[in-house]
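Per TrEMBL, these features apply:
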TRANSMEM  30-55  transmembrane segment
DOMAIN    41-307  domain 'G-protein coupled receptors family 1 profile'
TRANSMEM  62-84  transmembrane segment
TRANSMEM  104-132  transmembrane segment
TRANSMEM  153-177  transmembrane segment
TRANSMEM  197-223  transmembrane segment
TRANSMEM  252-272  transmembrane segment
TRANSMEM  292-310  transmembrane segment
Amino acid sequence: MIDVNDEIIMGYNSTWEYIFGYENVERVTYIYLIPLVCLPGSVAAVLSAIVFARLRQNSLEILLCGLSLFDVVILLSSLFMFPAMHECSRIDQALQQSSMVCHFFWRSTVSLFPISLISQAGSIFTYVAVTVDRFIAVTFPLKKRVWATRNKSTTVLICITVVSTLFKLPSFFEVALNENGQSVTTTLRENKFYTEIYLLYLYFFLMQLIPWTIIIFLNAYIIHKVRLAYRVQEAMIHGKPKTKREDAERKVTVMAIVMTCIFIICNIPPGINNLVEEYGDRAYFRQRIPLSNLLVCFNSASNVMIYCVFNTRFRRAALQILGFSTKNPTRAGSVITKITKEDGVGMLRSRISTYETLNGVEPTAC
C-alpha cells in the first residue's frame, strides 16, 4: 500500500523530471528563450554598432563597433537556426520532406552555420583586442595615443575578420544538401583526423586556452591597477582631484572588465561541451547543449546593457538616435554667472568670455 506522502513525493519527482528533463528544456530554450533573447538582442546590437560607428573617437569604440557587428550575426543566425531545428526534429522523419520548416532549416543551416562560427571566432578575438586596448590604456597611458589609435584598431578588426574567416573556412564544407534537399554531414566532418585535430585541439588552443589566458591575466592586472587608482584618489584629500577625462577612462576600463568577465562565464559551458562530446559520455546531462547555446546568445545580447550602464557617451548617443532629446550640460567658457555678496548687497557678475574674445575685449575677472 502506497502512503500519501510517498504519492506526493513521487508526483513531485515526476514534475521535477518533466520540467528539467532534456526534451522540455530543449523545447523551452529553443522555442521561447532564444527568440526572447536574440530578437531584442539583435536590435540592440544593431543600435550599438550604429552608435559606435558614429562616435569612433578612440580605439576602443572602433573595436566595440566591430564586436557589435559580430554580435548581430551571432544573434540573427541563432534566431533563424535553433527554433527551426527544434521544430524540424519534432516532425516525423517520413513527413520532414514535405515540411516547409525542415526545408527552411536545411537550406539556412548550410550558410548560417559556418557564418555564425566565423562570427563567434571574430567575437572571441575582438574581446582579446579590447582587453589589450584597456591594458595599454592603464599601463601605458602616455603611449596610448601612439599605440592604440583609431587606424590601428580598424586594421586590427580587418585582420580579425580575415583570420576568423580563414580559420573557420573548412566549416563551409562540413554540411551539404543531399539529392532530397536535406542537410547532411559531409565526409570531411566525419573524418576522425579532422574532428580530432581541427575541431578539438585547434579549437581548444586557438579559441579557448590562448584567448582566455590572455583575457584572464590581463584583466587581473587591470583590476589591480584600477583598485590602486581608486585608493590613490581616496587618499588625495587635499591634492589635485581627478579630471573628468580620467574618471571616464576608468569607467570605460571597468566596462571592458565586466564585458570580458561575462564573456568568460558564458563561454565556459560551450568549451566543456566540446570536450564532453569528444571524450565524455554524450548522454550525460544533455540539457547542457541548449543551455550553452542560450548562454552564447545572452553574452552577445547583454553587451548593450553594459554599454548603457558604464558609458555615458554611448547612452546619450543611443537616446538621440531613438529620438529622445538629451540635455547637454553648459560648457565652460560660455556664460558663467556668479552671485557674490559684498557688504550685504547681492551683485550679479557675468563673464561672457566667448563673445568678448571674438570682439577683441579682454574678459573681466569675476
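Even glycines carry a Cβ here, placed using N, Cα and C.
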Segment-segment contact (the transmembrane segment (62-84); the transmembrane segment (153-177)) at 3 or more Cβ pairs under 8 Å: yes
Touch test for the transmembrane segment (292-310) and the transmembrane segment (30-55), at least 3 Cβ pairs under 8 Å: yes
Long-range environment of the transmembrane segment (153-177) - Cβ separation under 8 angstroms, sequence gap at least 6: 59-60, 62-63, 66, 106-107, 109-110, 113-114, 117-119, 121-122, 125-126, 129, 133, 183-186, 188-189, 194, 198, 206
